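Marked as NAD(+) binding site by TrEMBL: 7-12, ASP32, ARG37, 85-89, 126-127, GLU162, 273-276, ARG343. Sequence annotations record features per position, and here TrEMBL assigns active site, nucleophile to CYS273. As annotated by TrEMBL, domain 'UDP-glucose/GDP-mannose dehydrogenase C-terminal' applies to 329-452.
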Amino acid sequence: MKIACIGAGYVGGPTMAMVALKCPEIEVVVVDINEERIKAWNSDKLPIYEPGLFEVVKECRGRNLFFSTDTKKHVGEADIVFVSVNTPTKTHGIGAGRAADLTYWEGAARLIASVSTSSKIVVEKSTVPVKTAEAIGKVLKRNCQDPNVNFEILSNPEFLAEGTAMEDLKHPDRVLIGGADTESGQKAIQTLAEVYAHWIPRERILTANLWSAELAKLTANAFLAQRISSINAISALCEATGADVSQVAHAIGTDSRIGPKFLNASVGFGGSCFQKDILNLCYVCETVGLKEVAEYWLQVVSMNDYQKQRFVERVIGAMFNTVSGKKIAIYGFAFKKDTGDTRETPAIDVCKGLIRDGAKCSIYDPEVKAEQIFRDLSAPKFEWDRPNYSRSQSHMLENVQVQSDPIAAADGAHAICVLTEWDEFKKYDFGALYEKMVKPAFIFDGRNILDHAKLREIGFITYALGKPLDPFLVKGY
(Lines of atoms letter the chains of each structure in order from A; the text may use other names.)
(Lines give C-alpha, C1' and ligand atoms only; values in the text may rest on other atoms or scores of the structure.)
Protein backbone atom coordinates (compact mmCIF):
# COMPACT_ATOMS: atom_id res chain seq x y z
CA MET A 1 0.00 0.00 0.00
CA LYS A 2 1.13 3.54 -0.73
CA ILE A 3 -0.02 6.63 1.13
CA ALA A 4 0.57 10.20 -0.04
CA CYS A 5 -0.15 13.32 1.97
CA ILE A 6 -0.55 16.69 0.29
CA GLY A 7 0.71 19.37 2.70
CA ALA A 8 3.84 19.15 4.87
CA GLY A 9 2.70 21.31 7.77
CA TYR A 10 1.82 20.85 11.44
CA VAL A 11 -0.76 18.15 10.69
CA GLY A 12 0.61 16.34 7.64
CA GLY A 13 4.22 15.97 8.81
CA PRO A 14 3.71 14.51 12.31
CA THR A 15 0.69 12.36 11.31
CA MET A 16 2.49 10.74 8.39
CA ALA A 17 5.64 10.24 10.47
CA MET A 18 3.61 8.28 13.04
CA VAL A 19 1.87 6.22 10.32
CA ALA A 20 5.28 5.38 8.82
CA LEU A 21 6.64 4.41 12.25
CA LYS A 22 3.73 2.14 13.12
CA CYS A 23 3.17 0.67 9.63
CA PRO A 24 6.64 -0.24 8.31
CA GLU A 25 5.16 -2.13 5.35
CA ILE A 26 3.37 0.99 4.02
CA GLU A 27 5.26 3.55 1.93
CA VAL A 28 4.37 7.06 3.11
CA VAL A 29 5.25 10.15 1.07
CA VAL A 30 4.57 13.72 2.17
CA VAL A 31 4.42 16.14 -0.76
CA ASP A 32 4.39 19.92 -0.85
CA ILE A 33 5.07 22.54 -3.52
CA ASN A 34 7.11 24.57 -1.02
CA GLU A 35 10.69 23.48 -1.79
CA GLU A 36 12.13 25.15 1.31
CA ARG A 37 9.79 23.23 3.57
CA ILE A 38 10.53 19.88 1.93
CA LYS A 39 14.26 20.61 2.13
CA ALA A 40 13.84 21.25 5.86
CA TRP A 41 11.93 17.97 6.37
CA ASN A 42 14.87 16.18 4.72
CA SER A 43 17.42 17.94 6.96
CA ASP A 44 18.39 17.81 10.63
CA LYS A 45 16.45 21.03 11.32
CA LEU A 46 12.78 20.24 10.75
CA PRO A 47 10.46 23.11 9.73
CA ILE A 48 8.31 22.65 12.84
CA TYR A 49 9.19 22.05 16.46
CA GLU A 50 7.30 19.30 18.22
CA PRO A 51 8.77 17.21 21.07
CA GLY A 52 9.63 13.69 19.88
CA LEU A 53 9.00 14.44 16.17
CA PHE A 54 12.62 14.52 15.02
CA GLU A 55 13.40 11.10 16.53
CA VAL A 56 10.47 9.50 14.68
CA VAL A 57 11.30 11.22 11.38
CA LYS A 58 14.97 10.21 11.68
CA GLU A 59 14.05 6.56 12.26
CA CYS A 60 11.65 6.31 9.29
CA ARG A 61 13.05 8.79 6.75
CA GLY A 62 14.54 7.00 3.75
CA ARG A 63 13.05 3.68 4.92
CA ASN A 64 9.32 4.08 4.35
CA LEU A 65 8.87 7.83 4.96
CA PHE A 66 9.77 10.29 2.21
CA PHE A 67 9.36 14.04 1.66
CA SER A 68 9.12 15.25 -1.93
CA THR A 69 8.08 18.13 -4.20
CA ASP A 70 7.17 15.68 -7.00
CA THR A 71 3.47 15.91 -6.20
CA LYS A 72 2.17 14.41 -9.45
CA LYS A 73 4.26 11.23 -9.29
CA HIS A 74 3.51 10.35 -5.68
CA VAL A 75 -0.17 11.34 -5.66
CA GLY A 76 -0.65 9.38 -8.89
CA GLU A 77 0.88 6.23 -7.35
CA ALA A 78 -0.93 6.42 -3.99
CA ASP A 79 -3.83 4.22 -2.88
CA ILE A 80 -4.80 6.64 -0.09
CA VAL A 81 -4.30 10.41 -0.41
CA PHE A 82 -4.50 12.53 2.72
CA VAL A 83 -5.19 16.20 2.06
CA SER A 84 -3.69 18.39 4.73
CA VAL A 85 -3.59 21.86 3.19
CA ASN A 86 -4.48 25.25 4.68
CA THR A 87 -8.13 26.24 4.92
CA PRO A 88 -7.69 29.87 6.03
CA THR A 89 -10.45 32.35 6.80
CA LYS A 90 -11.50 34.35 3.73
CA THR A 91 -10.16 37.91 3.79
CA HIS A 92 -12.42 39.38 1.11
CA GLY A 93 -15.58 38.66 -0.87
CA ILE A 94 -18.67 36.82 0.38
CA GLY A 95 -18.13 35.41 3.87
CA ALA A 96 -14.97 37.47 4.50
CA GLY A 97 -13.81 37.16 8.10
CA ARG A 98 -15.91 34.04 8.72
CA ALA A 99 -16.00 31.52 5.85
CA ALA A 100 -13.17 29.10 5.11
CA ASP A 101 -11.25 29.70 1.91
CA LEU A 102 -11.11 26.36 0.09
CA THR A 103 -8.77 27.52 -2.71
CA TYR A 104 -5.93 25.21 -1.63
CA TRP A 105 -8.32 22.32 -1.10
CA GLU A 106 -9.82 22.69 -4.56
CA GLY A 107 -6.32 22.89 -6.05
CA ALA A 108 -5.42 19.64 -4.28
CA ALA A 109 -8.58 17.94 -5.59
CA ARG A 110 -7.82 19.04 -9.16
CA LEU A 111 -4.29 17.70 -8.82
CA ILE A 112 -5.55 14.32 -7.53
CA ALA A 113 -8.07 14.05 -10.38
CA SER A 114 -5.53 14.98 -13.07
CA VAL A 115 -2.95 12.32 -12.10
CA SER A 116 -5.20 9.43 -11.06
CA THR A 117 -5.18 6.31 -13.22
CA SER A 118 -6.43 4.06 -10.40
CA SER A 119 -9.19 4.37 -7.81
CA LYS A 120 -8.26 6.19 -4.62
CA ILE A 121 -9.43 6.94 -1.12
CA VAL A 122 -9.19 10.70 -0.54
CA VAL A 123 -8.99 11.65 3.13
CA GLU A 124 -9.89 15.11 4.46
CA LYS A 125 -7.32 15.82 7.16
CA SER A 126 -7.58 19.62 7.09
CA THR A 127 -10.37 21.23 9.08
CA VAL A 128 -13.10 21.88 6.54
CA PRO A 129 -16.65 23.25 6.62
CA VAL A 130 -19.51 20.79 6.71
CA LYS A 131 -20.39 19.49 3.23
CA THR A 132 -16.89 20.10 1.80
CA ALA A 133 -16.71 16.44 0.78
CA GLU A 134 -19.67 17.00 -1.51
CA ALA A 135 -17.93 19.85 -3.33
CA ILE A 136 -14.63 17.98 -3.52
CA GLY A 137 -16.43 14.94 -4.93
CA LYS A 138 -17.78 17.04 -7.81
CA VAL A 139 -14.31 18.44 -8.58
CA LEU A 140 -12.73 14.96 -8.54
CA LYS A 141 -15.42 13.39 -10.73
CA ARG A 142 -15.51 16.13 -13.38
CA ASN A 143 -11.72 16.44 -13.71
CA CYS A 144 -10.65 12.81 -13.96
CA GLN A 145 -10.18 11.59 -17.55
CA ASP A 146 -10.50 7.87 -16.76
CA PRO A 147 -14.14 6.80 -16.29
CA ASN A 148 -13.02 3.62 -14.45
CA VAL A 149 -11.40 5.59 -11.63
CA ASN A 150 -13.52 5.92 -8.49
CA PHE A 151 -12.89 8.23 -5.58
CA GLU A 152 -14.14 7.58 -2.07
CA ILE A 153 -13.94 10.62 0.18
CA LEU A 154 -13.45 10.16 3.92
CA SER A 155 -13.37 12.74 6.69
CA ASN A 156 -10.65 11.93 9.23
CA PRO A 157 -10.23 15.11 11.30
CA GLU A 158 -7.17 15.51 13.50
CA PHE A 159 -7.57 16.21 17.20
CA LEU A 160 -3.91 16.92 17.97
CA ALA A 161 -2.74 19.47 20.50
CA GLU A 162 0.47 21.21 19.54
CA GLY A 163 3.26 20.53 21.99
CA THR A 164 1.92 17.02 22.62
CA ALA A 165 1.14 16.01 19.02
CA MET A 166 3.36 12.92 18.92
CA GLU A 167 1.92 11.61 22.19
CA ASP A 168 -1.61 12.41 20.92
CA LEU A 169 -0.89 10.47 17.73
CA LYS A 170 0.53 7.51 19.66
CA HIS A 171 -2.27 7.33 22.25
CA PRO A 172 -5.31 9.21 20.88
CA ASP A 173 -8.59 9.48 22.80
CA ARG A 174 -10.24 8.48 19.55
CA VAL A 175 -9.76 8.38 15.79
CA LEU A 176 -12.82 9.51 13.86
CA ILE A 177 -13.48 8.33 10.32
CA GLY A 178 -16.53 9.54 8.43
CA GLY A 179 -17.63 8.12 5.07
CA ALA A 180 -20.57 7.62 2.77
CA ASP A 181 -23.35 5.21 3.76
CA THR A 182 -22.71 3.08 0.68
CA GLU A 183 -20.99 -0.26 0.25
CA SER A 184 -17.87 1.35 -1.26
CA GLY A 185 -17.94 4.10 1.38
CA GLN A 186 -18.02 1.57 4.22
CA LYS A 187 -15.24 -0.44 2.56
CA ALA A 188 -13.09 2.70 2.38
CA ILE A 189 -13.71 3.38 6.07
CA GLN A 190 -12.51 -0.14 6.89
CA THR A 191 -9.38 0.28 4.74
CA LEU A 192 -8.37 3.42 6.63
CA ALA A 193 -9.37 1.89 9.97
CA GLU A 194 -6.98 -1.01 9.28
CA VAL A 195 -4.09 1.44 8.91
CA TYR A 196 -4.82 2.97 12.33
CA ALA A 197 -5.49 -0.46 13.87
CA HIS A 198 -1.73 -1.14 13.60
CA TRP A 199 -1.39 0.68 16.90
CA ILE A 200 -4.79 1.97 18.05
CA PRO A 201 -7.34 -0.33 19.76
CA ARG A 202 -10.39 -0.90 17.55
CA GLU A 203 -12.79 0.48 20.17
CA ARG A 204 -11.08 3.85 19.86
CA ILE A 205 -11.63 4.02 16.11
CA LEU A 206 -15.03 5.68 15.72
CA THR A 207 -17.00 5.74 12.48
CA ALA A 208 -19.67 8.21 11.44
CA ASN A 209 -21.29 9.65 8.36
CA LEU A 210 -19.31 12.27 6.46
CA TRP A 211 -21.20 15.30 7.73
CA SER A 212 -21.04 14.23 11.37
CA ALA A 213 -17.26 13.74 11.14
CA GLU A 214 -16.74 17.15 9.49
CA LEU A 215 -18.94 18.86 12.08
CA ALA A 216 -17.40 17.00 15.06
CA LYS A 217 -14.03 18.66 14.45
CA LEU A 218 -15.48 22.20 14.38
CA THR A 219 -17.61 21.44 17.43
CA ALA A 220 -14.72 19.99 19.47
CA ASN A 221 -12.64 23.13 18.92
CA ALA A 222 -15.60 25.41 19.61
CA PHE A 223 -16.26 23.67 22.95
CA LEU A 224 -12.58 23.84 24.01
CA ALA A 225 -12.31 27.51 23.07
CA GLN A 226 -15.59 28.21 24.87
CA ARG A 227 -14.11 26.84 28.12
CA ILE A 228 -11.11 29.17 27.82
CA SER A 229 -13.29 32.19 27.08
CA SER A 230 -15.59 31.26 29.96
CA ILE A 231 -12.79 31.18 32.55
CA ASN A 232 -11.24 34.30 31.04
CA ALA A 233 -14.56 36.14 31.45
CA ILE A 234 -14.54 35.11 35.12
CA SER A 235 -10.90 36.27 35.48
CA ALA A 236 -12.04 39.84 34.80
CA LEU A 237 -14.70 39.50 37.49
CA CYS A 238 -12.14 38.05 39.92
CA GLU A 239 -9.89 41.09 39.53
CA ALA A 240 -12.83 43.42 40.10
CA THR A 241 -13.97 41.61 43.26
CA GLY A 242 -10.75 40.32 44.84
CA ALA A 243 -11.45 36.67 44.06
CA ASP A 244 -8.68 34.38 42.76
CA VAL A 245 -9.42 32.76 39.39
CA SER A 246 -7.11 29.79 40.14
CA GLN A 247 -9.13 28.97 43.26
CA VAL A 248 -12.41 29.37 41.38
CA ALA A 249 -11.13 27.14 38.53
CA HIS A 250 -9.95 24.49 40.99
CA ALA A 251 -13.28 24.51 42.83
CA ILE A 252 -15.35 24.06 39.68
CA GLY A 253 -12.84 21.70 38.03
CA THR A 254 -13.23 19.13 40.80
CA ASP A 255 -16.87 18.77 39.77
CA SER A 256 -16.81 15.60 37.65
CA ARG A 257 -19.44 17.09 35.33
CA ILE A 258 -17.10 19.97 34.47
CA GLY A 259 -13.59 18.52 34.84
CA PRO A 260 -10.30 20.42 35.25
CA LYS A 261 -9.03 20.72 31.67
CA PHE A 262 -8.92 24.00 29.74
CA LEU A 263 -9.71 26.05 32.84
CA ASN A 264 -6.45 28.00 33.07
CA ALA A 265 -7.16 31.69 32.73
CA SER A 266 -4.75 33.35 30.34
CA VAL A 267 -4.18 36.34 28.12
CA GLY A 268 -6.26 34.52 25.47
CA PHE A 269 -6.30 31.46 23.23
CA GLY A 270 -4.37 31.18 19.99
CA GLY A 271 -3.33 28.53 17.50
CA SER A 272 -4.34 27.73 13.97
CA CYS A 273 -7.75 26.27 14.74
CA PHE A 274 -9.84 27.74 17.54
CA GLN A 275 -10.74 31.13 16.10
CA LYS A 276 -10.80 29.93 12.50
CA ASP A 277 -13.05 26.96 13.29
CA ILE A 278 -15.52 28.97 15.37
CA LEU A 279 -15.81 31.63 12.65
CA ASN A 280 -16.30 28.83 10.16
CA LEU A 281 -18.98 27.24 12.37
CA CYS A 282 -20.72 30.63 12.63
CA TYR A 283 -20.66 31.04 8.86
CA VAL A 284 -22.14 27.58 8.32
CA CYS A 285 -24.89 28.41 10.83
CA GLU A 286 -25.64 31.72 9.12
CA THR A 287 -25.84 30.12 5.68
CA VAL A 288 -28.47 27.65 6.89
CA GLY A 289 -30.45 30.43 8.61
CA LEU A 290 -29.40 29.79 12.23
CA LYS A 291 -28.54 33.37 13.15
CA GLU A 292 -28.95 32.95 16.92
CA VAL A 293 -26.67 29.88 16.98
CA ALA A 294 -24.01 31.82 15.04
CA GLU A 295 -24.24 34.76 17.46
CA TYR A 296 -23.85 32.43 20.45
CA TRP A 297 -20.57 30.97 19.18
CA LEU A 298 -19.29 34.32 17.95
CA GLN A 299 -19.34 35.51 21.55
CA VAL A 300 -16.50 33.04 22.33
CA VAL A 301 -14.26 34.88 19.86
CA SER A 302 -15.40 38.30 21.08
CA MET A 303 -14.50 37.36 24.67
CA ASN A 304 -11.06 36.25 23.51
CA ASP A 305 -10.48 39.60 21.78
CA TYR A 306 -11.70 41.40 24.91
CA GLN A 307 -9.24 39.48 27.11
CA LYS A 308 -6.25 40.51 24.97
CA GLN A 309 -7.41 44.13 24.91
CA ARG A 310 -8.01 44.05 28.66
CA PHE A 311 -4.44 42.86 29.23
CA VAL A 312 -3.03 45.69 27.10
CA GLU A 313 -5.16 48.25 28.96
CA ARG A 314 -4.04 46.80 32.31
CA VAL A 315 -0.36 47.20 31.31
CA ILE A 316 -0.81 50.75 30.10
CA GLY A 317 -3.03 51.74 33.04
CA ALA A 318 -0.57 50.37 35.59
CA MET A 319 2.34 52.22 34.03
CA PHE A 320 0.81 55.66 34.68
CA ASN A 321 -1.33 55.56 31.53
CA THR A 322 1.64 55.84 29.19
CA VAL A 323 4.04 53.33 27.69
CA SER A 324 5.34 55.78 25.10
CA GLY A 325 9.07 55.24 24.60
CA LYS A 326 9.18 52.61 27.37
CA LYS A 327 10.90 49.29 26.75
CA ILE A 328 8.70 46.31 27.56
CA ALA A 329 10.15 42.80 27.60
CA ILE A 330 7.86 40.21 26.05
CA TYR A 331 8.55 36.70 27.33
CA GLY A 332 7.07 34.22 24.89
CA PHE A 333 5.64 34.74 21.41
CA ALA A 334 4.42 31.21 20.55
CA PHE A 335 0.73 30.63 21.26
CA LYS A 336 1.60 27.92 23.83
CA LYS A 337 4.66 26.19 25.23
CA ASP A 338 6.54 23.38 23.46
CA THR A 339 5.76 24.64 19.97
CA GLY A 340 7.22 27.26 17.68
CA ASP A 341 3.77 27.95 16.20
CA THR A 342 2.67 31.59 16.30
CA ARG A 343 -0.59 31.37 14.38
CA GLU A 344 -3.22 33.59 16.08
CA THR A 345 -0.96 33.83 19.14
CA PRO A 346 -2.27 36.38 21.68
CA ALA A 347 1.23 37.91 21.63
CA ILE A 348 0.53 39.44 18.22
CA ASP A 349 -2.43 41.51 19.42
CA VAL A 350 -0.80 42.37 22.75
CA CYS A 351 2.40 43.58 21.06
CA LYS A 352 0.45 45.53 18.44
CA GLY A 353 -1.65 47.14 21.18
CA LEU A 354 1.46 48.20 23.13
CA ILE A 355 3.27 49.41 20.00
CA ARG A 356 0.23 51.52 19.02
CA ASP A 357 0.67 53.31 22.34
CA GLY A 358 4.35 53.95 21.60
CA ALA A 359 5.97 51.10 23.57
CA LYS A 360 9.20 49.48 22.43
CA CYS A 361 8.74 45.71 22.59
CA SER A 362 11.78 43.56 23.24
CA ILE A 363 10.74 40.00 22.46
CA TYR A 364 12.28 36.71 23.54
CA ASP A 365 10.97 33.22 22.72
CA PRO A 366 13.07 30.04 22.92
CA GLU A 367 11.64 28.54 19.72
CA VAL A 368 10.30 31.33 17.49
CA LYS A 369 12.68 32.84 14.94
CA ALA A 370 13.05 36.61 14.55
CA GLU A 371 11.86 36.57 10.91
CA GLN A 372 8.65 34.86 12.00
CA ILE A 373 7.98 37.50 14.68
CA PHE A 374 8.56 40.38 12.25
CA ARG A 375 6.40 38.68 9.65
CA ASP A 376 3.56 38.13 12.15
CA LEU A 377 3.62 41.69 13.42
CA SER A 378 3.59 43.15 9.92
CA ALA A 379 0.89 40.88 8.48
CA PRO A 380 -2.78 41.93 8.30
CA LYS A 381 -5.38 39.91 10.23
CA PHE A 382 -6.17 36.45 8.83
CA GLU A 383 -3.15 36.60 6.50
CA TRP A 384 -0.91 34.29 8.57
CA ASP A 385 -2.28 31.19 6.88
CA ARG A 386 -1.46 32.36 3.38
CA PRO A 387 2.17 31.77 2.56
CA ASN A 388 3.21 34.99 0.84
CA TYR A 389 6.87 34.52 0.13
CA SER A 390 7.18 37.86 -1.65
CA ARG A 391 6.53 39.70 1.60
CA SER A 392 9.77 40.78 3.26
CA GLN A 393 10.43 38.33 6.07
CA SER A 394 12.56 40.78 7.98
CA HIS A 395 10.24 43.75 7.66
CA MET A 396 11.69 45.82 10.47
CA LEU A 397 9.28 47.47 12.84
CA GLU A 398 11.11 50.31 14.51
CA ASN A 399 9.49 49.60 17.88
CA VAL A 400 10.32 45.88 17.92
CA GLN A 401 13.50 44.11 18.84
CA VAL A 402 13.90 40.35 18.98
CA GLN A 403 16.44 39.13 21.51
CA SER A 404 18.21 35.79 21.64
CA ASP A 405 18.24 35.71 25.45
CA PRO A 406 15.87 36.80 28.24
CA ILE A 407 18.45 38.96 30.06
CA ALA A 408 18.99 41.23 27.05
CA ALA A 409 15.21 41.49 26.60
CA ALA A 410 14.76 42.75 30.19
CA ASP A 411 17.85 45.00 30.33
CA GLY A 412 16.62 48.57 30.78
CA ALA A 413 12.97 47.52 30.50
CA HIS A 414 10.15 49.07 32.54
CA ALA A 415 8.12 45.85 32.51
CA ILE A 416 8.08 42.15 31.64
CA CYS A 417 4.97 40.60 30.08
CA VAL A 418 4.75 36.80 30.22
CA LEU A 419 2.67 35.71 27.23
CA THR A 420 3.63 32.02 26.80
CA GLU A 421 3.85 29.44 29.59
CA TRP A 422 7.36 28.14 28.74
CA ASP A 423 8.72 26.15 31.69
CA GLU A 424 12.09 27.90 31.52
CA PHE A 425 10.49 31.22 32.51
CA LYS A 426 9.80 29.83 35.99
CA LYS A 427 13.50 29.16 36.57
CA TYR A 428 14.89 32.64 35.85
CA ASP A 429 16.78 34.67 38.45
CA PHE A 430 14.25 37.47 38.71
CA GLY A 431 16.34 39.18 41.39
CA ALA A 432 19.11 39.69 38.81
CA LEU A 433 16.60 40.81 36.18
CA TYR A 434 15.10 43.32 38.64
CA GLU A 435 18.51 44.96 39.08
CA LYS A 436 18.74 45.61 35.33
CA MET A 437 15.27 47.15 35.00
CA VAL A 438 13.94 50.71 35.32
CA LYS A 439 12.06 51.25 38.61
CA PRO A 440 9.26 50.83 39.44
CA ALA A 441 9.69 47.49 37.68
CA PHE A 442 6.53 45.67 36.64
CA ILE A 443 5.72 42.05 35.80
CA PHE A 444 2.47 41.22 34.05
CA ASP A 445 1.97 37.47 34.20
CA GLY A 446 -0.52 36.62 31.45
CA ARG A 447 -0.19 32.89 32.14
CA ASN A 448 -0.02 32.73 35.97
CA ILE A 449 3.10 30.57 35.96
CA LEU A 450 5.42 32.63 38.21
CA ASP A 451 5.82 32.81 42.00
CA HIS A 452 4.02 36.10 42.57
CA ALA A 453 4.76 36.37 46.31
CA LYS A 454 8.47 36.00 45.62
CA LEU A 455 8.36 38.60 42.84
CA ARG A 456 6.69 41.10 45.19
CA GLU A 457 9.40 40.34 47.78
CA ILE A 458 12.07 41.20 45.21
CA GLY A 459 10.33 44.52 44.61
CA PHE A 460 8.34 43.93 41.42
CA ILE A 461 4.89 45.44 41.06
CA THR A 462 3.18 42.24 40.00
CA TYR A 463 -0.01 41.72 38.04
CA ALA A 464 -1.30 38.14 38.05
CA LEU A 465 -4.18 37.65 35.67
CA GLY A 466 -7.50 37.00 37.44
CA LYS A 467 -6.05 37.34 40.95
CA PRO A 468 -6.49 40.02 43.65
CA LEU A 469 -4.78 43.20 42.47
CA ASP A 470 -1.55 44.55 43.89
CA PRO A 471 -2.52 47.75 45.82
CA PHE A 472 -0.28 49.72 43.42
CA LEU A 473 -2.53 48.68 40.52
CA VAL A 474 -5.85 49.64 42.12
CA LYS A 475 -7.11 52.86 40.65
CA GLY A 476 -8.02 55.46 43.22
CA TYR A 477 -10.56 57.17 41.02
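Yeah, the Cβs are placed from backbone N, Cα and C, and that goes for glycine too.
Per-residue confidence over the domain 'UDP-glucose/GDP-mannose dehydrogenase C-terminal' (329-452) averages 90 (mean pLDDT, predicted model).
Taking a C-beta cut-off of under 8 Å and a sequence gap of six or more, ASP32 (NAD(+) binding site) has these contacts in its own chain: ILE6, GLY7, ALA8, GLY9, GLY12, ILE38, PHE67, THR69, THR71. Note: the domain 'UDP-glucose/GDP-mannose dehydrogenase C-terminal' (329-452) comprises 38 helix, 19 strand, 67 coil (DSSP; helix = H, G, I, strand = E, B). It is 10 Å from the Cα atom of THR89 (NAD(+) binding site) to that of CYS273 (active site, nucleophile).
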